[in-house]
Amino acid sequence: MGGNDDSRIRYDTKTMPSSFISILIAVKSGTGALVPLLAFLGLYALAMKLAGLKSVENAHEESIWAATWVPATDARPALLLTGSLDETVKLWRPDELVLEGTNTGHCLGVVSVAAHPSGVIAASASLDSFVRVFDVDTNATISTLEAPPSEVWQMQFDPKGTILAVAGGGSASVKLWDTATWQLVATLSVPRPEGSKPSSEKSGSSKFVLSVAWSSDGRRLACGSMDGTISIFDVARAKFLHHLEGHSMPVRSLVYSPVDTRVLFTASDDAHVHMYDAEGKSLLGAMSGHASWVLSVDVSPDGSALATGSSDRTVRLWDLSMRAAVQTMSNHTDQVWGVAFRPPGGTGVRAGRLVSVSDDKSISLYDYSGR
Amino acid sequence: MAYVYIPVQNSEEEVRVALDQLPRDASDILDILKAEQAPLDLWLIIAREYFKQGKTEQFRQILEEGSSPEIDEYYADVRYERIAILNALGAYYSYLGKIETKQREKEDHFILATQYYNKASRIDMHEPSTWVGKGQLLLAKGDIEQASAAFKIVLDGDRDNVPALLGQACVQFNRGRFSDSLDLYKRALQVYPNCPAAVRLGIGLCRYKLSQFEKARQAFQRVLQLDPENVEALVALGIMDLHTNETDGIQKGMENMQKAFEIYPYCAVALNYLANHFFFTGQHFLVEQLTETALAVTNHGPMKAHSYYNLARSYHSKGDYEKAGLYYMASVKEINKPHEFVLPYYGLGQVQLKLGDFKSSLSNFEKVLEIYPENCESLKAVGHIYVQLGQTEKALEILRKATRIDPRDAQAFLELGELLISSDAGAALDAFRTARGLLKKGGEEVPVDLLNNIGVLHFERGEFELAEQTFKEALGAGIWLAIMDGKIHNSHEDMQFFQQLDGDGTSVELSWDKVTTVFNLARLLEQLHDTEKASLLYRLILYKYPDYVDAYLRLAAIAKARNNIQLSIELIGDALKVDDKCPNALSMLGNLELKSDDWLKAKNTFRLASNATDGKDSYATLSLGNWNYFAAVRSEKRGSKLEATHLEKAKELYTKVLVQCPANLYAANGAGVVLAEKGHFDVSKDIFTQVQEAATGSIFVQMPDVWINLAHVYFAQGHFALAVKMYQNCLRKFYYNTDTQVLLYLARTHYEAEQWQDCKRTLLRAIHLAPSNYTLRFDAGVAMQKFSASTLQKTKRTADEVRSTVAELKNAVRIFSQLSAASSQNFHGFDERKIETHVGYCKHLLDAAKVHCEAAEREEQQNRQRLEVARQVSLAEDARRKAEEQRKFQLERRKQEDELKQVMQQEEHFERIKEQWRSSMPAPKRKDRSQAEDEDGGHSEKKRRRSGKKRKNDKGSKSRYDMDESEAEMMDDHEEMENEDATNMNDQEVETNEMNDHNGVGADNPQDFLVAAGLEDSDAEDEAVPSSTMNRRKWAWSDSDDDQPVERQPVASPNRENSTELPDSDGEIRESNKLNKDADVDDEDDD
């Protein structure tokens, strides 16, 4: 199954029903029906695939732990933002991955980076629990956020760009920061699941929140924790809705489908990627194939493919209609901490791009061709 | 109508006796004969007539009367007739003896016969017919040589004596000299062309034996022309027909046999052949009847052997091995030499093999091999027996021979492959593949189990794609294909899924012979990390065969790997419902209980597992050993006595496993750990190294523990670089760099090697991997603090260094403060006071650092100034020197060129100035010492002073180092301190004096903190009795989490993770064994 890069035309009628289902789901939810429909009507015949474009060895002096795309602005194309154990955050210009700038100012490793949908500002966070919000083009510090004793893990701006959600680690909560005032506006606490002992020794870390994801309509927020539970919040009411069960190991990354606001993809240390109906609380499917922890997951802009990065040093591309890995990239030599599809938009940039960053200090850029 | 006329004595009259109306009572005739004193030839005629009519009693009566002493007396001159009577009696008794089956009576008959012949000889030594009779008797007795001598006597007298010729021919035939025999028969025929058909029979047999089959056939046919009812000829022809091996021939042969049987139902040969025929047509009832008759009618050893063989074979094929064995045995008993008839040995061997009597079986097969050394079936059987007897080498040799002799025998390759599985997987695979190729070539269906075994071997060699192909080939079409192709998904972890499929009309079939392969395929998918499909396959197995415990265990293992302990325990529960004594399930349950910290339960479960197998299950014993080891090193208050007891117990258990199974890597590893725990590092290092080597062969054995343990040993022995390498390799090789515990070991090693930055980086990585482990943060804080402290102690440091130290200290303070804040929320189990101490200490260091920083900056400033001054001075000096040189040079040149260049003087002057200006630019920086010294007089004095201070400080700094150690010890273990504290305390005594001295220095001296931190851990100090075992201290590292409640799992266990691996591989081996057995059964039946 490895290294499957055949570009044969696949028109397999037997797999059609499942894509039909995804159309139905899409139609039902009323959004994004177009893409799978198009896919179904013809483009379906093309196999999706990744092709390596460029790799930068020693892009950082140490392990690279975070990567995200800064959306294009009128003045420039989308940029790549990476954060590393070497305490720096770097900006790169595709496709040649030219280094645009190096931001210092963090102590201890940089664990996550996030970009505002406008592409103007971005945030980076390090192990010392500071979040630095800065202007992408000038590197001017806009604000420094901290909410002790809560530490900082994954962050994400909401689709409209009004709130920055920050996974608050041991505080068992997600902190929401207003992007206009940079004030803490809400703390979404993860409740303990009913029936668990109130204060056993271990429970302190059990709801340790590692990861956050916004739904594409910005109404829902999901967060993943060390013990594998996923919590769904209604953002408008700042209310916890329910847990999603299925993982029992840390969920370090999750992402909502861009075409269906109900569908959530989660990556866990249990080497699985799960696909949930986040509203209906049900597990739609589980995908296995990675040999070790799945550290990062991202969904392609058309919603038809997933990319995952794993401790097993590989990047995998998953065809959601087949629920199977269609390609495995093995160019990294150490854990792959981040994968990110470039968001669509920007002048003259139509081609799909995926980037991956790794403990091996390198960045890899791939061409992604969907169906 | 034939009549005999008995002359009436003293008259011309005769009594007419109708030969077919002889009176029933021979006495009537005898009375007449005696009364009329009839000539003796009449007696003979009448007796013979009786004999012809089957009235042997009367025959005997007349002849006995005719040879009585009275007759001898009365007919004293009638020699020939008397002899004839005696000979007739002799022949009669010879015949009786020949057909008699009971040995005793046989003897008696022969004795009587001998007596009659001897009596005849006494009458006339030279009567040839007597000799012929004697010869026949001797032949019947099997005394061929003497028989030959007897016939020779006759033939010497009359070389055309037909009976003697026939007798001698018979002798030669029995001697195996067939052409001589043939000559004799021919002569007999020439002498007496009208001789009975039997003579031609003899010719036919000789020709047959001489392989002149056409002539033999002619002879037999001639016999039948003469005597259409000649059974022997019929049988002989039948045999010849049967041996043509053509359908026609066989049919004709059988017809002949049948005819023979109808004519004479007691011909053993015909019976045997018929029985043989019916054996093949499967009419076992007939076989038994025929052979029993054959046995009853013949006395001829080889013939009986055949009959017994037929019987045995019949029972054998019916599966009645006991009876078959008995008859084979009877058959073998009838055979003098195996050369004559080897088949029963083969059959007996097979039956004995089946009944488990390997030794006897072996000897029988070996007899077969003596005669047919290249008989593949026997070779295979012998090979198989050697396997059963555990003589693998011999078995291999035999089977290799078998495959060499017949490279087309798929079965032999199959056996060879099965044998090689354990010793040489590669060769086994080759053998299996050859077998598969042969079967395919022969158009036979390749058995599922063969393909399964090939698949497993590929699997074990890591050739996963080949393995998958093979398994798929073995399975053929079925629901598994849909699962493999991802066309069936299941998001629910229950069996209803398949019921649903069943209900939907999808066929959910799984035949029993394919279960193993499905299981193996699932195992393969697991290995390829395609756990979802693997789970589905396991569930498919369970849906069809709910008793398949291994599938439950694998599902449990998958759940366990995903940390779903609850589900895992439930699945084990299901498995235990099937078999509540299943040692694998119990062991795994114990392991899970250990994982969820349920120590007592775990111990009980392991005990149960151990009991379930009478202590023969190494895994359970091993687990108990591990349990004891953990118990020894886990208790926070180390009762040394308890610890020793547990260690001893652990050692005992490991040793027990090693005795049972000397190749048990895990037990060896455990033993190594116990040894290391006791400080025998060299021995334990050897053990670990060997285990490591052994473990690198198989894909199923993953033993990171031994790497870790080796690294621990290196660490304990102070080989930090080696330890680092080993930890890093281990992380990379086994954990995809994800194991924080090993990272912690690595950090600790860096710490010990004073590689602070590496230590810090490693800890940061660990934090990134295990964000909720606050201990790591604490440790990172300590590392930074230590780094700062050590930088500040350095005599020479740049302002940059100091600045980075300050930054580091700030980080440390932040980390500690965060921990402190977090501890109020009860995130982790640190003592807040301890953290406060660290914060205080760091802040203090920070203050100190500020001073240092200022000092360093000042110094740097001064240095810079000094350098600047020096540079300028040197520049000036340089310029001066250059100018000087230039001048000198110019002077010389001028001297030389004075006369020549005077005119150009003016111009040169100008040049000189230009040159000077230019050369001053790149003046090499050379310090002029004296100058600098002068310039820096005050400085050097300061330096000297400071170095003095430094020397004093040395002690202080040492104690400070120790103090740091004590800090570090918090990160590790109380134990850690034992050694250091010993020196620490001594130092502290010295120090108290120094402290006064240095009070003035104030900021430079963190003693108060030192005391605070030092006293912090009063336990440690109490224990700080001159440290007995430095080794142990370091070793104890292996569960360094004693005071870290967050991470109490005994991770450095010598045996972790093997829990899943061990039962698997067991399971698998068992699988293939099962198959082996199946194959054996098949084996028995072909003949």
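Cβ from N, Cα, C; glycine included.
Across the repeat 'WD' (A:57-92), DSSP classifies residues as 0 helix, 17 strand, 19 coil. Per TrEMBL, the feature repeat 'WD' maps to A:57-92 (among others).
Cβ atoms under 8 Å from those of the repeat 'WD' (A:103-144) belong to residues 62-63, 65-73, 75-76, 78-79, 81-91, 150-157, 159-161, 164, 166, 177, 179, 182 of the same chain, restricted to positions at least 6 beyond its ends. The repeat 'WD' annotation in TrEMBL covers A:103-144 (among others).
Model confidence over the repeat 'WD' (A:202-243) is summarised by a mean pLDDT of 87. Annotation source TrEMBL lists repeat 'WD' at A:202-243 (among others).
Listed as Cβ neighbours of the repeat 'WD' (A:244-286) (distance under 8 Å, sequence separation of 6 or more from its ends, same chain) are residues 25-26, 29, 31-33, 35-36, 154, 210-217, 219-220, 222-232, 292-299, 301-303, 306, 308, 310, 318, 320, 323. The repeat 'WD' annotation in TrEMBL covers A:244-286 (among others).
Per TrEMBL, repeat 'WD' is recorded for A:287-328 (among others).
Residues annotated as transmembrane segment in TrEMBL: A:20-46.
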For this session: On the DSSP side of things, how many residues of the repeat 'WD' (A:287-328) fall into helix, strand and coil, could you say?
Result: 0 helix, 24 strand, 18 coil
